[in-house]
Amino acid sequence: MADFDMVLKCWGPMEADHATHGSLVLTRLFTEHPETLKLFPKFAGIAHGDLAGDAGVSAHGATVLNKLGDLLKARGAHAALLKPLSSSHATKHKIPIINFKLIAEVIGKVMEEKAGLDAAGQTALRNVMAIIITDMEADYKELGFTE
């Protein structure tokens, strides 16, 4: 899985500070795609300018990057890791698949800026995220969740 390896080569800086980078990912997601903020009711009362410094946003961002790191390290053998994530996001949180595509774009930009992910790495990340998101989509369908 060359694409996974290429992305993992730049994962170290992201992993070194999940909270800071995760906060940056979520804050940028909410800025570039404001409609996504409504999917996070626990952040509803936070002023847009305060999102970046909010401990809850930072903690959730850290969780996102931690889970993504686990999926990357599985190098495609991620079904056991992905199933519970798909299940909670489909049945409990009701997150449409398109939102994973949006956050994947943002993660790519943040990795470019903070971890030196070059053009080839960006392509590898898009390929990896396409695999993960396609597998999530299959899980969603299995669970009967359609957007």
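Glycine too: its Cβ is placed from the backbone N, Cα and C atoms.
Going by Swiss-Prot, these are the annotated features:
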BINDING   H60  nitrite binding site
BINDING   H60  O2 binding site
BINDING   H89  heme b binding site
DOMAIN    2-141  domain 'Globin'
Cβ neighbour count (within 10 Å, all chains shown) around H89 (heme b binding site): 21
Intrachain C-beta neighbours of the residue listed as 'nitrite binding site', sequence separation six or more, cut-off 8 angstroms: G22, L26, F40
The domain 'Globin' (2-141), counted residue by residue under DSSP: helix, strand, coil: 118 helix, 0 strand, 22 coil
Integer average pLDDT (0 to 100) for the domain 'Globin' (2-141): 97
